[in-house]
Structures are given as C-alpha cells and as structure tokens.
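Visitor: Dropping the structure in here first, questions after.
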Amino acid sequence: MTMEQEIEVLDQFPVGMRVLAVDDDQTCLRILQTLLQRCQYHVTTTNQAQTALELLRENKNKFDLVISDVDMPDMDGFKLLELVGLEMDLPVIMLSAHSDPKYVMKGVKHGACDYLLKPVRIEELKNIWQHVVRKSKLKKNKSNVSNGSGNCDKANRKRKEQYEEEEEEERGNDNDDPTAQKKPRVLWTHELHNKFLAAVDHLGVERAVPKKILDLMNVDKLTRENVASHLQKFRVALKKVSDDAIQQANRAAIDSHFMQMNSQKGLGGFYHHHRGIPVGSGQFHGGTTMMRHYSSNRNLGRLNSLGAGMFQPVSSSFPRNHNDGGNILQGLPLEELQINNNINRAFPSFTSQQNSPMVAPSNLLLLEGNPQSSSLPSNPGFSPHFEISKRLEHWSNAALSTNIPQSDVHSKPDTLEWNAFCDSASPLVNPNLDTNPASLCRNTGFGSTNAAQTDFFYPLQMNQQPANNSGPVTEAQLFRSSNPNEGLLMGQQKLQSGLMASDAGSLDDIVNSLMTQEQSQSDFSEGDWDLDGLAHSEHAYEKLHFPFSLSA
C-alpha cells in the first residue's frame, strides 16, 4: 500500500480499518471474517494465539484492532490480551460463547475494551471502530502529559536549584557583613540600672536624653536604642508612682475631713460646735452665732420615757469643751422623732421661722423644775441656747391659785395655745419668771361638770400672767409652731458652770417617787385634788390620761 493509499484510507476512516481476528474454531473464524469485510474493514485471520502474537510483534504498526477468542488450545485469550496490551498497546475485543459475568469481569480487568458473545452480529461490528479512536486519543493525552510533566519537572528542578544557590549566596553575604548580624540582647542588671539612675539624676528627669545618658554611662555594647527604650519605661513607671502618691494624698485629705465631721450624726442641720448654724427650714437659727456644744447622751433617744423637765434659756457665755464632739441627735432613730398627733401634742416643737427666737416649752406634765434663776437679754439678735433642766425628784405639795376657769380646763386641744410665735423684738420668756418648785403647781379640778363633755384630759393647765405683773408666774409662755408634728427633744440637766449631765431619769422613776410620796403623805389639803371619790392609790394614777405611756 502506497503512501497515497494510506492517506485515502485515513480520510475514509473507518473504512479500511486493519483488524486481526484470532479463533481456533474455523467456522466461527470464517463467519467473523465475512462480517468484518462487509463493514469494509481490512481483515487478517489466524487460528492460533501464538501465531497472532508473532504477527503483531513483526508488524507493530500494521494493525489497528485485535479480536480474540477466550478459549484457545495453545494460549488462553486473557494471556494474549495481557501481552498485546503490554507490548503493542492496541485495543483488544474478547469473543466468547460464555456469558458468565465472571468472564466479562476478568476480561475488563485485563484490559479488554469490549466483550462480545457468539454468534456475533454485524450491528455490533459496525461500531468497533470507536475503540480505535478512543485508544488513539488516550495515547495522545499520555504523550502530552508525559511531555508536560517532563518539562514541569525540569522547570521545578531548575527553580529549586536557583533558590538553593540564592540562599547560599545570601548566607555568604551575611557572614561577610558584620553589620547584618543580629544585635545581642541587652540585659539590664542591677548595676547597669544604678548607672542609668545616676546619669538621670545628674542630668535631671526633664533634661535626660538617651544620647547624654549613654555618654555618662560609658558602657560597652550599649546602644542609644537600648537607653531610649529603658528611659521610656522608667518615665512610665515614675508617672505611675506619682499618680498613686497623689491619689493617696487626696484620699488622706478626704479621710481627715470626714474625721472632723464624725460628730455630725443624726440630722444634717445640727453641726459641730465650731461651725455656724445655717438659717433655713428645719434648723435652729440664731444668725451667725455658734451653737453650744452638747455632749453625747444615749438617753436622748428615750423621748417618751424621760422626765419632761423644763427647758431653761441661758446665756451662751459658758465654757465650751472642744474635745467633746457629741451631737444632740446622736443615736436618735427617725421613728422616735415622729410624735403622734393623737397624743395631744404633749411636746411643743421648735420652729424654723427666720428671725424668730427660740422658745422655752413649759409642758410640765405634773412635773416641776429644778429651782434656778435665769435671765435672757431682750436683744432680738441674740441666739439663746437651751439646757435641759434637772431631773424632777418630787411632786409639789402646794398648789398656787390660778385664774383658769373650770370650763377652760377641759377645752379642746385646738383652743389651747400650746405653741405660739412671738415677735423677734420681744423677750423670749418673762424675766420675772419664778422657777421655784412651789410656784409650779397643778390645778386640775377633776370634779368639774365640763369633764364629761370632752374625751381628752389635759394634765396641766396654766394661765399666762400679764407682762407688767411683778408677781410669780405660774404658766410658761408658749409660742405656736408652724410644724406641730415636730417633737420636742429632751436631754441633759444643768450642772454648775453651764455643763451638762446625762443622768435624766425615766418616767418609771418619777412614778415610783410619786407612789412613795403618796404613801408618806397624808394631807393633800394644800393642793386642789378632786378625784371624784376615788382613793389615793395606784389605781388613781391609772385613770390619768397621760399623753404618753408610763411604761419603760
């Protein structure tokens, strides 16, 4: 076949495809040859497998496809399949009368491209040329991959060699250049740090710069960068220490300020003795005068159990004990300051009206004051201070006649002037006030016919004397308060030199004293007592409607 004929065959493909048929059965071999020729294939036949192998070895490039029987006497078809695939790399189609899947699987595993059953049909042979085309494409792909992989391997090897050469050159350059070597790390020892501190102290913290510090330290292998880094850390630590010192100083100042104010307990309006009293609502006011110093007394909180002694206004020219920082409201619960309105307002309250003087309540509650004489200046700008009278020890046996009508004794609470304001120019208390225990009496008139008309009993009713009367006064002046719910604070009794004591007794002591005097005295003719037939016994006192409880 000439070159031109081969080109024509290739152009007319699959016409003229070269096929080698191998089968030990001559009948089957003749039928297979006839069918292949009808498909216009170029056919070569043989009945021995060994002969077919020799033909293939002699003519490697003269066959395109091999069709071989499975069962042959001289050589198994699968053996021929392996040899052809290894040596010539041609597509092989297996032909057999066994349709067992085991044979088909075995042929596929050994490299067969197809498995045909006898008798073979012409329709199956018409499309066998596709295996030739597929095989040729696989060969081209393998060749391209092999060429590409070879080129890639060469390129990778070349790049790797170049990279290794460059690294070797860089290592050589690093070894040759001493400046390119890594600088050793500086360890700031205690000695080195002391030199640094000495240099900073010599230059000053503000003027210390790394270059000057380095010159003063004069240490080998110490660079300017090392000194600059250490100086920055030193300044940060110094700033932190200074900030902590400032905070501690501020905290100490605040603590000392509160230590000076530690005596200001209770309500905020009652200040220490060295502070001025602010003028405003809810405060004792007296202009710019100082509030006298009171010693702390735990009995002050016992409002309803203390003896309700008279408050005597005194001058503020008494000596002050500056070491005592007590507060008159120390330890006083807020609940005890709230006096119930239903207990007849027994404790007259102070008010906070501006420019109004302090008042001296005189709710005696069958009690009498300690004999003492006092006087107040009539200057309205003067702010008097209050002292608590001495604990009462006995009841008065003498009654002083008063001008109070019997009908007024049992009048309603609203008609009684328990509290009243007075003008700031007027004196606080009548200067002719007689504080003799005998002058303070109790005139009740229990036998009055008006007693059945009211449900409230007032233990004491006193009449106010005219201002120009020089006689003894039996009723303390009362001034009305704008806050009737505010309770009266009771505390210490007066001692010599204006000092205060804290031995005020409770109402239990008073009642016991009353019972003792009742048993020891048999004549009550001097007092105006009328108990409507009741015996003077303990049951009589239980009938008295005190504004507060007699129990402790």
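Keep in mind that glycine also has a Cβ here, set from the backbone N, Cα and C atoms.
These numbers come from a predicted model, not from an experiment.
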Visitor: Looking at the ranges 182-185, 262-265, 354-357, which is given as motif 'Nuclear localization signal' in Swiss-Prot?
Guide: 182-185
Visitor: With DSSP as the yardstick, break the DNA-binding region (185-235) down into helix, strand and coil residue counts.
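Guide: Looking at the DNA-binding region (185-235) with DSSP, the answer is 34 helix, 0 strand, 17 coil.
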Visitor: So what's the mean pLDDT when you look at the DNA-binding region (185-235)?
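Guide: When the pLDDT values over the DNA-binding region (185-235) are averaged, the result is 88.
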